[in-house]
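Enquirer: Swiss-Prot lists these features:
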- ASN65: N-linked glycosylation site (CARBOHYD)
- ASN96: N-linked glycosylation site (CARBOHYD)
- ASN132: N-linked glycosylation site (CARBOHYD)
- ASN153: N-linked glycosylation site (CARBOHYD)
- ASN171: N-linked glycosylation site (CARBOHYD)
- ASN235: N-linked glycosylation site (CARBOHYD)
- ASN250: N-linked glycosylation site (CARBOHYD)
- ASN283: N-linked glycosylation site (CARBOHYD)
- ASN318: N-linked glycosylation site (CARBOHYD)
- ASN363: N-linked glycosylation site (CARBOHYD)
- ASN519: N-linked glycosylation site (CARBOHYD)
- 133-159: repeat 'LRR 2' (REPEAT)
- 160-182: repeat 'LRR 3' (REPEAT)
- 184-200: repeat 'LRR 4' (REPEAT)
- 201-225: repeat 'LRR 5' (REPEAT)
- 277-294: repeat 'LRR 8' (REPEAT)
- 317-340: repeat 'LRR 10' (REPEAT)
- 388-412: repeat 'LRR 13' (REPEAT)
- 415-439: repeat 'LRR 14' (REPEAT)
- 489-512: repeat 'LRR 15' (REPEAT)
- 513-536: repeat 'LRR 16' (REPEAT)
- 537-560: repeat 'LRR 17' (REPEAT)
- 562-585: repeat 'LRR 18' (REPEAT)
- 1-27: signal peptide (SIGNAL)
- 28-632: topological domain 'Extracellular' (TOPO_DOM)
- 654-671: topological domain 'Cytoplasmic' (TOPO_DOM)
- 633-653: transmembrane segment (TRANSMEM)
Amino acid sequence: MKTMSKSSLRLHFLSLLLLCCVSPSSFVIIRFITHNHFDGLVRCHPHKFQALTQFKNEFDTRRCNHSNYFNGIWCDNSKVRSQSYDYGTVSVELSNQTVASSSFIIFATLISLTTTSPPLPSLPSLFPTLRNLTKLTVLDLSHNHFSGTLKPNNSLFELHHLRYLNLEVNNFSSSLPSEFGYLNNLQHCGLKEFPNIFKTLKKMEAIDVSNNRINGKIPEWLWSLPLLHLVNILNNSFDGFEGSTEVLVNSSVRILLLESNNFEGALPSLPHSINAFSAGHNNFTGEIPLSICTRTSLGVLDLNYNNLIGPVSQCLSNVTFVNLRKNNLEGTIPETFIVGSSIRTLDVGYNRLTGKLPRSLLNCSSLEFLSVDNNRIKDTFPFWLKALPKLQVLTLSSNKFYGPISPPHQGPLGFPELRILEISDNKFTGSLSSRYFENWKASSAMMNEYVGLYMVYEKNPYGVVVYTFLDRIDLKYKGLNMEQARVLTSYSAIDFSRNLLEGNIPESIGLLKALIALNLSNNAFTGHIPQSLANLKELQSLDMSRNQLSGTIPNGLKQLSFLAYISVSHNQLKGEIPQGTQITGQLKSSFEGNVGLCGLPLEERCFDNSASPTQHHKQDEEEEEEQVLHWKAVAMGYGPGLLVGFAIAYVIASYKPEWLTKIIGPNKRRN
């Protein structure tokens with residue numbers, strides 16, 4: 001075989017999926033092992049075996065972990081079969097190894113080639129060899145350091161079966177030549193520009209140029225590609241569309257992701273087939289177009305962080321994910337949620353909404369996330385929402401809510417799936433019953449990993465791309481106001497701060513094992529800090545400042561290994577601050593305003609003499625134990641003595657009653 005130049009690829013791992021020509025049972029597994037021989041070869045055709053062996057020998061395996069299959073070459077029939085590859089074809093994925101480009105000459109049936117991060121050096125010798133891969137359909141060269149220009153005579157443009165091409169995150173210096181149009185079977189391409197040559201790619205289904213610095217306007221011709229169903233341009237600097245706002249209407253696009261750009265002006269009219277539209281973090285203005293109500297397949301509408309005005313749309317009942325957060329919307333939340341509504345997320349926080357919560361929300365049996373924080377809603381606590389069986393997040397903070405938050409019967413609150421309840425900065429009053437947190441079954445379970453509230457799947461022949469739309473809330477956490485994402489099943493949090501609540505803090509708070517943040521500050525709570533807080537092993541943030549709490553700080557809090565923030569300042573607490581790393585490492589301000597508190601991190605010492613508080617505590621315990629032992633000794637002597645005394649008296653009374661008369665006297669005996 002003719003030897004070509006030896007410019008190398010440095011690869012993370014190499015996996016070779018080989019389908020031998022005999023039958024599905026003839027798939028092979030080849031692994032690098034200590035003695036450098038093969039294991040598991042099965043009925044492979046001789047020329048296939050020779051090609052595979054030669055390809056394996058191109059690699060430097062001296063630094064491989066030979067016990068790890070992914071540091072070698074392997075073949076997996078299940079993966080080949082699941083990809084529906086035709087017999088006689090091969091798929092290769094390369095990373096962090098060294099291979100001469102001549103290797104690819106032997107694989108005329110290669111259909112998939114991937115060389116991804118960590119970055120590879122410039123590889124001018126790779127492209128000439130590509131013309132030998134006549135059946136190649138997938139080529140992923142993303143996240144490398146390829147440089148230079150793509151010349152018109154590049155063998156890349158001879159891959160007429162190519163359907164998937166990814167060249168993103170490289171250092172190519174040229175624009176795409178017109179020869180790019182020869183790839184007329186291309187369906188998916190990730191680049192850093194919108195080349196005009198794309199006009200000729202009539203089979204293009206998905207374009208993803210996200211996370212780049214592309215500016216300007218989206219070309220009008222893009223929407224005329226007949227099979228295009230996904231456009232992802234998030235995290236760029238686009239500022240508008242060529243043509244009118246009606247340019248998208250007749251497009252076949254189903255998923256349109258415009259988030260985090262510089263778009264201005266009115267929202268575009270959406271395609272009739274749209275499933276998901278995300279345009280958050282832009283500068284869109286005007287009202288939400290009425291045409292949205294005619295897009296019956298719309299499942300995701302994400303318009304957060306814009307400057308939209310006007311009312312909330314009347315037709316959102318069957319949109320699964322609705323995020324209108326941080327706009328300038330006015331009016332009331334419409335009473336138009338119908339029975340059987342499919343809405344799962346409704347976030348209208350940080351607007352100018354007034355009125356009351358719509359009672360038609362009771363029709364939304366799938367509702368999991370409801371956020372109306374930072375508006376001007378004036379209403380009582382929505383106990384009626386307990387009828388929603390899946391409600392997990394409820395945020396009412398910074399509105400004009402008022403009245404009690406305990407049910408009239410003073411029992412448990414009654415939201416079994418609730419994990420996050422934020423009602424801070426309102427005018428809620430009254431006390432919490434001792435059983436208030438008993439029915440929070442979801443928060444009483446241990447933490448689970450969040451898998452995304454609403455996901456859109458974009459399927460293609462090369463895998464499944466998942467776009468996840470996360471819920472976000474503003475939570476005062478560890479003393480800071482922070483925007484939290486991944487909120488649903490990943491943790492539990494309670495924020496009752498800045499209200500007019502009073503009475504004792506219920507011991508039932510200790511049942512919420514998934515609780516990571518508890519904020520009861522700026523109320524009028526009295527009584528002791530619940531000892532049951534020591535049961536909250538996941539707790540990371542605890543704020544009970546500016547109340548009227550008394551007594552001591554529970555010693556069990558020092559055992560909470562995740563507790564990163566605690567504040568009990570400005571109460572009426574006394575005694576020694578528990579001495580544990582998580583507590584003594586806090587700022588002094590977390591404990592100030594309690595005249596009776598002493599010990600680190602405060603400067604006030606708890607004792608005047610040289611003995612430490614711990615030593616005094618031990619001495620007190622020893623004295624108590626000594627007294628208990630003395631009483632035990634007395635009891636041990638008293639019990640048997642009393643028994644013997646009764647026995648002697650019984651014998652005397654039975655057999656010698658005159659002796660008993662002499663001992664106690666006749667008068668005493670008559671009594």
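Using the three backbone atoms N, Cα and C, a Cβ is placed for every residue, glycine included.
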Enquirer: In sequence order, which residues at least six apart in the same chain have a CB under 8 Å from the CB of ASN283 (N-linked glycosylation site)?
Expert: ASN262, PHE263, GLU264, ASN306, ASN307
Enquirer: Quiz question: given the glycosylation sites ASN235, ASN318, ASN363, ASN519, which has the greatest number of C-beta atoms lying within 10 angstroms of its own C-beta?
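Expert: By the 10 Å Cβ neighbour count, ASN519 comes out on top.
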Enquirer: Report the same-chain neighbours of ASN250 (N-linked glycosylation site): residues 6+ apart in sequence with Cβ closer than 8 Å to its Cβ, ordered by sequence.
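Expert: Looking at Cβ-Cβ distances below 8 Å from ASN250 (N-linked glycosylation site), excluding near sequence neighbours, one finds TRP223, PRO271, HIS272.
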Enquirer: List, by number or range, the same-chain residues at least 6 past the repeat 'LRR 16' (513-536) whose CB is under 8 A from its CB atoms?
Expert: 419, 424, 442-447, 475-478, 491-507, 542-554, 556-557, 559-560, 562, 567-568, 573
Enquirer: Filter the glycosylation sites ASN318, ASN363, ASN519 down to those whose C-alpha lies within 10 angstroms of the C-alpha of ASN235 (N-linked glycosylation site); answer none if the list is empty.
Expert: none
Enquirer: Rounded to a whole angstrom, what is the C-alpha distance between ASN318 (N-linked glycosylation site) and ASN519 (N-linked glycosylation site)?
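Expert: Distance (Cα to Cα, whole Å): 35 Å.
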Enquirer: Could you round the CA separation between ASN519 (N-linked glycosylation site) and ASN363 (N-linked glycosylation site) to a whole angstrom and send it over?
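Expert: Answer for this pair: 31 Å between alpha carbons.
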Enquirer: For the repeat 'LRR 16' (513-536), what's the model's average pLDDT?
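Expert: Averaging the confidence scores along the repeat 'LRR 16' (513-536) gives 95.
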